[in-house]
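**Student:** My questions will all concern the structure given below.
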């Protein structure tokens, strides 16, 4: 039987906290790093994370710290549950205390706004010597934290590393599949955020379940088209990190991206909402498809709604008015 690991989880938001709880349930030692000293005190003393994961009791075995070196000391693996736009800077700090052979699993889904890089590309520049992998799939933090069944994909360019990590990170309620298609897994996780905003906007505008289904399905066509252009495998995008995640996030207000889109569709003020990762990704994704001459009208429409003043109803009319074609 393989030995248990000490796992450092960077980021004590909902996802990081849920991952730390799950790793502890799997028998690993779990340390949780957070910037916020008040949050660290709440986790360690009240055994709760009321801001990000209300109603979930945190096991006393999960220890939180705001000291990066202490979080990483003796760690066998790092789970980086940092928002995509902050990942590079946090990993640069972690790199000063992290041994070069320790694997780092990227648990954020997005594209870096300033560079247009996927998470593994940004992480590679921050941590040039560490083995890198990505964890992605249809998963809500609240479900995972409460012990509900969840399945994800763990991907790395080294298939053996991915398989080993998938085995180690699996837990009683978390089934991890492995893949060596890192590009496909990362693209699926990043682009579904944009498509979920489209689905949410359609729902929020009261355009009906049929329209949401159409947006989701045609959005998946765009995801596969973009994936093929970047070398992702079709079967990866048909799996948990592509289609699976798309189905979940395009149909649930638990998704920040869907909820953001729904508020947009209802014409509500957006400045008080938690910023969804798809807001950052939309403009980058639109640029990616434009530079490669790809057809992605839904992604371009989301970018138009977020950055070009396009209304939801005008966007839907424009999509419906596109030339008819075979499916």
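Backbone N, Cα and C atoms are what each Cβ position is placed from, and that goes for glycine too.
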**Student:** Which of these, 57, 192, does Swiss-Prot list as part of the sn-glycerol 3-phosphate site with 109, 137, 139, 245, 255, 256, 257?
**Tutor:** 192
**Student:** Suppose a student reads Swiss-Prot and sees 15, 35, 109, 256, 275, 277 listed for NADPH. Which of 64, 80, 141, 228 should they find annotated at that same site?
**Tutor:** 141
**Student:** For each of 141, 275, count the other CB atoms within 10 A of its CB; which of these binding-site residues has the top count?
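**Tutor:** The largest 10 Å Cβ neighbour count belongs to 141.
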**Student:** Reported as an integer number of Å, what is the Cα distance between residue 109 (NADPH binding site) and residue 192 (sn-glycerol 3-phosphate binding site)?
**Tutor:** 9
**Student:** Does anything in the same chain, at least 6 positions from residue 277 (NADPH binding site), have a Cβ under 8 Å from its Cβ, and if so what?
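**Tutor:** Counting only residues 6 or more apart in sequence, the Cβ neighbours of residue 277 (NADPH binding site) under 8 Å are 83, 84, 108, 109, 110, 190, 193, 256, 257.
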**Student:** Taking the Cβ of residue 255 (sn-glycerol 3-phosphate binding site) as centre, how many other Cβ atoms lie within 10 Å?
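**Tutor:** There are 24 of them.
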**Student:** Roughly how many Å separate the Cα of residue 245 (sn-glycerol 3-phosphate binding site) from that of residue 15 (NADPH binding site), to the nearest whole number?
**Tutor:** 15
**Student:** Would you work out the biggest C-alpha to C-alpha distance among 109, 137, 139, 192, 245, 255, 256, 257, the residues that bind sn-glycerol 3-phosphate according to the record, and give it in angstrom as a whole number?
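**Tutor:** So the binding residues stretch over 15 Å, Cα to Cα.
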